[in-house]
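Features reported for this protein in Swiss-Prot:
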type    : residues       : note
BINDING : His115, Arg119 : substrate binding site
Amino acid sequence: MTTQTSAATGSPTQQNNAALADMDSMDRQLLDIIQTGFPLSPRPYAELGQRLGLDEQEVLDRVRGLKARKIIRRLGANFQSAKLGFVSTLCAAKVPQDKMDAFVAEVNAKPGVTHNYLREHDYNIWFTLISPSREETQAILDGITQATGVPILNLPATKLFKIRVDFRMDNDS
């Protein structure tokens, strides 16, 4: 949950900039494509390879390398949960340092948690939760509070303004 930094490794921003600088044009093109147009086919990596002039194994190796370097954190579908009948909420909690690990573990164990962030603020943990109903959301949050002793501020979404972001990696594509 927390980010460790040392003088030897640099700040997280410096680490990210170094990782981006190490990517070649092909990695950048691959990232551009898989963010918005990952093929839904029996052999998606072969299809990506055809678009990029690579073979299937080269694409797989590049994706694995990007994951190993933590440039790709997750590769999977994103669903519009509201269209599937689910509700979402933003949650905040004031978590004392001595309860941090237990609280984070409890939150992260819930399948509906999509993001979980440590912030420098009185409300130092912020996470998003998706569930089938407001009642189930509240039951999940009550369970976390009961298990950890930390109350949670529940801020249900009332209107969606933006749901996606694409990071353009290759200016030539």
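Any Cβ shown, glycine's included, is placed from N, Cα and C.
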List every residue in the same chain as Arg119 (substrate binding site), at least 6 positions away in sequence, whose Cβ is under 8 Å from its Cβ.
Ile125, Trp126
Under a three-state reading of DSSP, tell me whether Arg119 (substrate binding site) is helix, strand or coil.
coil
Set of same-chain residues at least 6 away whose C-beta sits under 8 angstroms from His115 (substrate binding site):
Trp126, Phe127, Thr128
